[in-house]
Amino acid sequence: MTDAAAKISAPPAFDPALLQGRSIALIGLMGVGKTTVGRRLARRLGLPFRDADAEIEAAARLSIADIFAELGEAEFRAGEHRVIRRLLEGPSQVLATGGGAVLNAETRKALKARAVTIWLRAEPEVLAERATRRDTRPLLKDADPLAVLTRLQQAREPFYREAADLIVETGAGPHSRAVDAVLAALSQWAGRK
Ligand SMILES: Nc1ncnc2c1ncn2[C@@H]1O[C@H](COP(=O)(O)OP(=O)(O)O)[C@@H](O)[C@H]1O
Ligand SMILES: O=C(O)C1=C[C@@H](OP(=O)(O)O)[C@@H](O)[C@H](O)C1
Ligand SMILES: [Mg+2]
């Protein structure tokens, strides 16, 4: 392989030891890639992967849709906070949060204390297409997904901004590009510590 080819294919280096026990938490709107990019990122870094939604479903023995329908959003948010706080008490991991996790001030505080928090962003049009591929998101089932996501983006922007240590634009393109962008942001973060 030539030097030029090696440079192009080499993934950005980031040593998880630099986290010093903190986790990498992904925040951002539905469909931005927290779950799928997070899983791939964890594999690249050799860290465990946890998805807060999956943990809530396991704890409640109900799907997210059934939790919203049977217990209500407030109960879901309370469970979401408990799950994220518990996960962040554990060793370094890549943690995919749900899109509304940052609404809780205590969750934002826990993220500040225990994670490097990365806000993944993309245009609402991209999010609407991705987030409706599966019928699992109760907040998108009764109204125009693009309108809901545009409104949620405006309403949640201050909370994402407050919680975030790093911002990564994911845009269109394959998952691998988003993973590389996150790794590059982490390397920058490590360099300015
Ligand atoms: N960067 C990306 N490139 C292409 N497809 C993506 C990307 N990020 C997410 N997707 C796709 O969008 C959908 C929603 O992604 P998901 O990881 O569940 O988002 P989130 O957990 O943020 O709601 C999935 O089908 C996923 O494969
Ligand atoms: O934005 C939200 O309020 C939600 C996002 C979902 O997770 P994803 O962001 O992983 O889709 C899930 O937690 C629930 O449907 C509510
Ligand atoms: Mg998800």
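Cβ atoms here come from the backbone N, Cα and C positions, even for glycine.
Keep in mind that what you see is a predicted model, and the values were worked out from it rather than measured.
Taken from TrEMBL as is:
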BINDING   GLY31, VAL32, GLY33, LYS34, THR35, THR36, ARG137  ATP binding site
BINDING   THR35  Mg(2+) binding site
BINDING   ASP53, ARG77, GLY99, ARG156  substrate binding site
If we check Cα distances from ARG77 (substrate binding site), which of the binding-site residues GLY31, VAL32, ARG137 wins as closest?
ARG137
Starting from the Cα of ASP53 (substrate binding site), work out which of the binding-site residues (GLY31, VAL32, GLY33, LYS34, THR36, ARG137) are within 10 Å.
none
Within the set VAL32, GLY33, ASP53, ARG77, ARG137, ARG156, which binding-site residues show a CB-to-ligand 1 distance under 6 A?
VAL32, GLY33
Chain-internal residues near THR35 (ATP binding site), provided their CB is under 8 angstroms and they sit 6+ positions away
ASP51, ASP53, ALA96
Would you identify the secondary structure of ARG156 (substrate binding site) according to DSSP, in three states?
helix
Residues near the ATP site, GLY31, VAL32, GLY33, LYS34, THR35, THR36, ARG137 excluded, by Cβ within 8 Å of the Cβ center?
GLY28, MET30, VAL37, ALA96, GLY99, LEU120, ARG130, ALA131
Excluding near sequence neighbours, so keeping only residues 6 or more apart in the same chain, what lies with its CB under 8 A of GLY31 (ATP binding site)?
ALA122, VAL126, LEU127, ALA128, GLU129, ARG130, ALA131, THR132, LEU149
Three-class DSSP assignment, ASP53 (substrate binding site), comes back as helix
Close-lying binding-site residues around ligand 3 among GLY33, LYS34, THR35, THR36, where CB distance stays under 6 Å
LYS34, THR35
The most crowded of the binding-site residues LYS34, ARG77, ARG137, judged by neighbouring Cβ atoms within 10 Å of its own Cβ, is LYS34
According to DSSP, folded down to helix, strand and coil, what is LYS34 (ATP binding site)?
helix
So which of the binding-site residues VAL32, GLY33, THR36, ARG137, ARG156 sit close to ligand 2, that is, with a CB under 6 Å from an atom of it?
ARG137
